[in-house]
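**Student:** Residues annotated as region 'Disordered' in Swiss-Prot: 1-31, 135-164, 284-307, 334-396. The repeat 'TPR 1' annotation in Swiss-Prot covers 32-65. For 199-232, the entry in Swiss-Prot reads repeat 'TPR 3'. The compositional bias 'Low complexity' annotation in Swiss-Prot covers 343-353.
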Amino acid sequence: MSSDTKTLENSKGNSATDADTKNPSSSDSRAIEQLVTQGNMAYAQKNYEEAVDKYGQALMQSESIHGSESLENRNVLWLYGKSLFQIAIENSQVLGNALGAKESVSQATESFEEPEAIGSFTFSGQKIENKYTVNEENSSIAHPEKESEEKETNEASPASEEDEDDFNVAWEVLDLTRVMQSKAVDAYPDSKDEKIRLADIYDLLGELSLEIENFSQASQDLKTALEWKEKVYNVSNNTLLSEAHYKLALALEFTNPEDPSNKSRACEHVEKAAEILKNVLNERENEVTDKKGKGKQKAEESTLTSDLENLREMLSELEQKTLDLKHGAPSLEEAVMSKMHESSLLSKDSSSLAQAVAEAVKNANDLGGLVKRKRTKQEVTSSSQKEGPKDKKKKD
């Protein structure tokens, strides 16, 4: 997601022609860009509270200039939503440590400091962190479909409810971003940047659903993210696609584990992830051979060799995962539950399952991480209602 630092610049050419733009002054534009730059710096330093504050102020100014429905707002809204998601992760981790609750999925990829309170500021007459808050009566995270689950939720601790509300707020902002970005793709059908952004949004919505263990919704969003990525990337040799296939496989495996069709579909995506990774590995091996022949420096050669080792290890894991899915090896959930039973831990929370999911998602993100370090400048530049994530159907 490092490409988002250039988000505002990448999309100016498209968004500047929006019909609802009110021709802001150059000083207004500079003020917004300065706030976004400050937010980017805070985000890069994992100071997500500061990032939310800066992006929120930029969003205030953008809405006051262009109007709340303008596509001009979508880029800042995306950055704002990503930061809210990271804060939800942080708060979930802090509460999890205090309550002995589950580890965050994203903790597997990043470490976080204990967050401070989000700063308050006004936005269209409301605090910005409350602008997208879901009414608890309508929140499908806090109030699942089944009556028994509703009772459990109502009896949940205030800390747990606060954790869920953080994810609700992030979800609502990201889902609004999805709606705006879908319109941008329709408005600029030839723009690769807009399609990549939409794929990124669906991907993050999928990760959010994995965080709250809503695997069915995660499957839907990650499937859509994969479809968009396949439209803009080389299908045969891009590890971002390998990552996308593996994430979707993970979500499918956990979606109704008793349904054998889900495991079969998961296996297909793991096989595809392995196939893509094998192509990447072959290309990298040829690259190492070429550089050796040209007498490249040892440091560069060592980096390439290290990448090859990581790729081979990941490929081996994917191939083993394929065998497990094909030949009836215990699923990740079954293995965890069996271990919990052996240890007489069935009365405790689902932290072990969440940790296992976290490790699997880490492996998926590692697949994409390898290519993110190697992508060209052009690729890096390119990458730059109201229903909750439990059971919503998206509406544009």
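Along the chain as shown, residues are numbered 1 onward.
Placement of Cβ uses the backbone N, Cα and C atoms for every residue, glycine included.
How buried are these features, and what lies next to them?
**Tutor:** Secondary structure counts, DSSP: the repeat 'TPR 1' (32-65) has 31 helix, 0 strand, 3 coil.
Helix, strand and coil counts from DSSP across the repeat 'TPR 3' (199-232) read 31 helix, 0 strand, 3 coil.
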